[in-house]
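Visitor: Quick paste of what Swiss-Prot says about this protein:
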BINDING   C12, C96, C197  [4Fe-4S] cluster binding site
BINDING   H41, H74, H124, T167, S225, S226, N227, S269  (2E)-4-hydroxy-3-methylbut-2-enyl diphosphate binding site
BINDING   H41, H74, H124, S225, S226, N227, S269  dimethylallyl diphosphate binding site
BINDING   H41, H74, H124, S225, S226, N227, S269  isopentenyl diphosphate binding site
ACT_SITE  E126  active site, proton donor
Amino acid sequence: MQILLANPRGFCAGVDRAISIVENALAIYGAPIYVRHEVVHNRYVVDSLRKRGAIFIEQISEVPDGAILIFSAHGVSQAVRNEAKSRDLTVFDATCPLVTKVHMEVARASRRGEESILIGHAGHPEVEGTMGQYSNPEGGMYLVESPEDVWTLNVKNEGKLSFMTQTTLSVDDTSDVIDALRKRFPKIVGPRKDDICYATTNRQEAVRALAEQADVVLVVGSKNSSNSNRLAELAQRMGRTAFLIDDATDIQEAWVKDAACVGVTAGASAPDILVQNVIARLREFGGGEAVTLEGREENIVFEVPKELRVDVREVE
């Protein structure tokens, strides 16, 4: 059995930054550190940080006065931000800068009185945070997930209308929704640069290349990870058997026993140690040395807040 690895895969710059913010805050201030929502959608990462003293909460009211609070990489609404400001809390923002970019687009539209349409998945924390940037009562903010949603949508003023997208969507699906928006609302204005982030786009491109060669594709990522789900869906659309797994223990030998080639990738919130464990598991089932495919080089780095820019080893 051949083992192929997608490239790129795993952690993106936004996830790296968010985890570093929590780790550095724990090192500097000590436990407990409160984090609103899972800092990233990965069970291994969240469990590891929880063991070190991070407490994951959903409501600001759960945080005691005087505590350290961190917003997750998915971002928060203005209402949540204002609630935190009203409390005696030290707040650090781990929102991915590429999510913040979309927040700024929504806030700008709100100030101008333009109505805005967000392409995204209902209930996802990034969507809730992005929708929560719009505050103009004279306008409106709408959520669509599919072309069908677009055709049933009614807005107040088609002449002052813009759209944005969640950063972790399927590139292909989003293109279909944008096409529908432009047909339904010919004057609609989109972002100058695509809101789907570089990491999402690159990982979907990489899984396409992987699925062209592999019989079975394993995507390392948690069930609540939007970008990981999109990778598994893409491989399945290409006619491959694909499984979304949290870790190597999820793999069943029956999945791969007849496969000549198994492809492995990982969502943007999945650490490389999980991929290495998957490789080891596949080798138990007769897999050979893992071969990494050629792919796009990623060298983007997002800095942590200056208050947390320390060598963690100095405070251990």
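The count begins at 1 with the first shown residue.
Cβ atoms here come from the backbone N, Cα and C positions, even for glycine.
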Visitor: Within 10 Å of H74 ((2E)-4-hydroxy-3-methylbut-2-enyl diphosphate binding site) by C-alpha distance: pick out those among the recorded positions C12, E126, C197, and say none if nothing qualifies.
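Guide: Passing the 10 Å Cα cut: E126.
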Visitor: Tell me the coarse DSSP state (helix, strand, coil) of T167 ((2E)-4-hydroxy-3-methylbut-2-enyl diphosphate binding site).
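Guide: The residue in question, T167 ((2E)-4-hydroxy-3-methylbut-2-enyl diphosphate binding site), is coil (DSSP, three-state).
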Visitor: So for C12 ([4Fe-4S] cluster binding site), how many other CB atoms are inside 10 Å of its CB?
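Guide: Taking all protein chains shown, C12 ([4Fe-4S] cluster binding site) has 28 Cβ neighbours within 10 Å.
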Visitor: Within 10 Å of S269 ((2E)-4-hydroxy-3-methylbut-2-enyl diphosphate binding site) (Cα-Cα), which of the recorded positions C96, E126, C197?
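Guide: So the list is empty; none.
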Visitor: Among H41, H74, H124, S225, S226, N227, S269, listed as contacts of dimethylallyl diphosphate, what is the widest Cα spread in Å, to the nearest whole number?
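Guide: Binding-site diameter by Cα atoms for dimethylallyl diphosphate: 15 Å.
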Visitor: According to DSSP, which of helix, strand or coil covers S269 ((2E)-4-hydroxy-3-methylbut-2-enyl diphosphate binding site)?
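Guide: In three-state terms, S269 ((2E)-4-hydroxy-3-methylbut-2-enyl diphosphate binding site) counts as coil.
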Visitor: Of all the binding-site residues given, namely H124, T167, S226, which is spatially nearest to C96 ([4Fe-4S] cluster binding site) at the Cα level?
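Guide: Result for C96 ([4Fe-4S] cluster binding site): the nearest of the binding-site residues is T167.
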Visitor: Which of the recorded positions C12, E126, C197 has its Cα closest in space to the Cα of S226 ((2E)-4-hydroxy-3-methylbut-2-enyl diphosphate binding site)?
Guide: E126
Visitor: Of the binding-site residues C12, T167, C197, S225, N227, which one has its Cα closest to the Cα of E126 (active site, proton donor)?
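Guide: For E126 (active site, proton donor), the spatially nearest of the binding-site residues is T167.
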Visitor: Looking only at Cβ atoms, how many others are within 10 Å of the one on H74 ((2E)-4-hydroxy-3-methylbut-2-enyl diphosphate binding site)?
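Guide: Within a 10 Å radius of the Cβ of H74 ((2E)-4-hydroxy-3-methylbut-2-enyl diphosphate binding site) lie 28 other Cβ atoms.
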